Amino acid sequence: MSADFWAGYISGAAGIIIGNPLDLIKTRLQAGDASVHATSPQSLRSTFDKAGTLVRGATAPILGYGALNALLFVTYNRTLTLFNPDPTISTSLTSIWASGAIGGLATFIVSAPTELIKVRTQVQGHGSSTSNSSSLTIAKEIWKANGLKGLYFGGAVTSIRDAVGYGFYFWSYEICKRSLKAEEGKEDSKRMAEAKVLLAGGLAGIVTWASIFPLDVIKTRVQTQSFSAAVVSSPVTSPSVSHPSPNPERQTLLTNNDLRKPDPVFRRKGAIEMARLTYQNEGVAVFFRGLGICSVRAFVVNAVQWAVYEWMMKVMQSDAGPNSNQNLVVKASAGPV
């Protein structure tokens, strides 16, 4: 396989391992868990009550996001080549955004089930004495209850989020790289070049999440809806109740038996309906709940991810030799990194 495939795979897995603890907090904040507060030491101790909690929900992303990242970079590079076949000509930012968006859409086949399993693993059992299921167990339960279609629940909003997000991801990374480029006739030291990659990658991560965070909140709430009968009688899901709870989604978080006892009366909400109900009950602010912790995570994860990707590309290109057809690079990058 091509160098950008393996570089993307390894960098994606590395990013998940580093960022999973903060991603766990983000998901629970988005899902409406009132017991989680990003600035409360007691809340954080409760969230990470066991060592295993640090990697809860990470199995699916490590396996899936590595493949997702590989698919993303391969699609992005190939699409960018179609837009600009001549690597000596600077690629327009519009082409870079479009290539990133197409790459994001291409990841749908991996990202939709991966995200669904991840968020369900992260929210289930928190704040209760019930046991917690693994990513594999949850995947099996979803398959048993709803088949292949169940794994792609919330896939539409996920694909939109990925297309928009990855468009801004590559676009903002390239803007940062061009802004940090050494002056004409000068060349950065190795350490300076590495620092610029880290900074550009981190800033790109923040820009990306800021652009799609409301969509991600909706996606999380759609995918963490309960399938259990208990939810049918809750204020938010029962049509006979005229005054819904001020925080309805808090009552729709998964419990351990949600997938094992699907209730045919319960109608799962789509993205548009979920967005409308969330706004009516919690206002605009809820669509940015968890953005602070997400920005911290985004900077760290994407700084490391881009650094690993660029390093892996250089290593594999040098091993393949100068005349190898493996020497693909992120064509958006202008000048030395």
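Backbone N, Cα and C define each Cβ position, glycine as well.
Automated prediction, rather than curation, is the source of TrEMBL annotations.
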TrEMBL annotation (transmembrane segment) - matching range among 6-25, 286-305: 6-25
Residues of the parent chain within Cβ reach of the transmembrane segment (96-117), under 8 Å, 6 or more residues beyond its termini: 57, 60-61, 63-65, 67-68, 71-73, 75-76, 79-80, 83, 135, 138-139, 142, 151-155, 158-159, 162-171, 174, 219, 223, 332
Could you give me three numbers for the repeat 'Solcar' (91-179), the DSSP helix, strand and coil residue counts? 72 helix, 0 strand, 17 coil
Close approaches to the transmembrane segment (197-215) from elsewhere in its chain (Cβ under 8 angstroms; 6 or more beyond its ends): 157, 160-161, 164-166, 168-170, 172-173, 176-177, 180, 287-288, 290-291, 294-295, 298-307, 310, 337
